Amino acid sequence: MSPVKVVICGAAGGIGQPLSLLLKQSDLIAHLALLGVVTASGIAADLSHINTKCKVTGHGKDQIDEALQGAHTVVIPAGVPRKPGMTRDDLFKLNAGIVRDLAEGIAKNCPKAFVLVISNPVNSTVPIVCQVLKSHGVFNPSKVFGISTLDVVRASSFVSEVNPAIDPSTRVTVVGGHSGVTIVPLLSQLPNNFVDSLSRDQLDALTHRIQYGGDEVVKAKKGAGSATLSMAYAGARFTLGLLQATVAGKTGVVESAYVHLDADKENTAAFKAKTGLDYFALDVEFGREGVSRILKLPKVSRYEQALLDAAIPELKTNIAKGAAFITDSVAHWPEARL
Ligand SMILES: NC(=O)c1ccc[n+]([C@@H]2O[C@H](COP(=O)([O-])OP(=O)(O)OC[C@H]3O[C@@H](n4cnc5c(N)ncnc54)[C@H](O)[C@@H]3O)[C@@H](O)[C@H]2O)c1
């Protein structure tokens, strides 16, 4: 096992800083390259004093090539977070271009890297990354992930608050996408008939809290941003899980991720034919090459089917918006690709 280079794009931000701190502690990372807009050298200098083996370097936007070269994994929490009253989709105009430019840098400098997208709206930014990589002929669906882990982390916390007998580490399956109605918690999967112990009002309230948990943080921070610390925890859990599989060869590591369904055509063909979706968040088992298996959508309750029915059209709109952002710009300005 040889430790690898991991790049954090947007490392000076609210998520980027604590995420970098958490990753600095991993033996699986030899080099943490921190990319900021002007520079992330202050954050890098600070972290470099922590006595772990991982080397830390800081880079500005004009040093994107050197930051990305040789990267095994690139994590993207770059962009603008929500303010009160904004949906994740409202961020599209601001973040789509940032994510596109970073994906261009990845295609050029580290086309084989695993790409982990945190920047919102994830439902659209992941298709943006995939389209850019496709346009360069380097797209591998097994290597691009939208991090929806925070929805799972929140679901586990909220379920445990409703029923303290359920340990907060209990995994809740959350599928769909990463915004509002596209977040579909499958509470019927929880053991001991948890879902049957809830009244309809309680089930509605819990489901709504999982779907809109991010709003609680946006409101509480009063305009100073969205979830950063819980997101850094979720992002680190996802990144380290992926490294455990891809670098250390650990098997059986499963996380929910918003992925291109071609990453496992066999297990997703029927779902894709039924829904017409190319992207969806499902439980994913990691392997050496990224996605080793996408777990099939389990049997859902009638209540959950109604949630899925509401999620699918919204997801289709979000996906089309992301893909069109790249295909339209290529069609209108072909010289930009030269
Ligand atoms: N996936 C999730 O569950 C989840 C959860 C919370 C937040 N988010 C999203 O993560 C993103 C970051 O949130 P935050 O709170 O850290 O925001 P932030 O504003 O605190 O930090 C973002 C950082 O990105 C930097 N940046 C912008 N463009 C860049 C570029 N081209 N290259 C490198 N760095 C660049 C900014 O300068 C800033 O330092 C937002 O889009 C937010 O909506 C996602």
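For all residues, glycine too, the Cβ spot is worked out from N, Cα and C.
TrEMBL does not curate its annotations; it predicts them automatically.
Among the candidates Met86, Met231, the one that TrEMBL lists alongside Gly10, Ala11, Ala12, Gly13, Gly14, Ile15, Gly16, Asn95, Ile118, Ser119, Asn120 as binding NAD(+) is Met231.
Taking the domain 'Lactate/malate dehydrogenase C-terminal' (149-325) as a whole, pLDDT averages 96 in the prediction. The DSSP secondary structure for Asn120 (NAD(+) binding site) is coil. Classification of Arg88 (substrate binding site) by DSSP places it in coil, neither helical nor stranded. In the three-state DSSP scheme, Arg154 (substrate binding site) falls into the helix class. Of all Cβ atoms in the shown protein chains, 19 besides its own fall within 10 Å of the Cβ of Gly14 (NAD(+) binding site). In this structure the C-alpha atoms belonging to Arg82 (substrate binding site) and Gly16 (NAD(+) binding site) are separated by 16 Å. When the recorded positions Arg88, Arg154, His178 are ranked by how far their Cα is from the Cα of Ala12 (NAD(+) binding site), Arg88 comes first.
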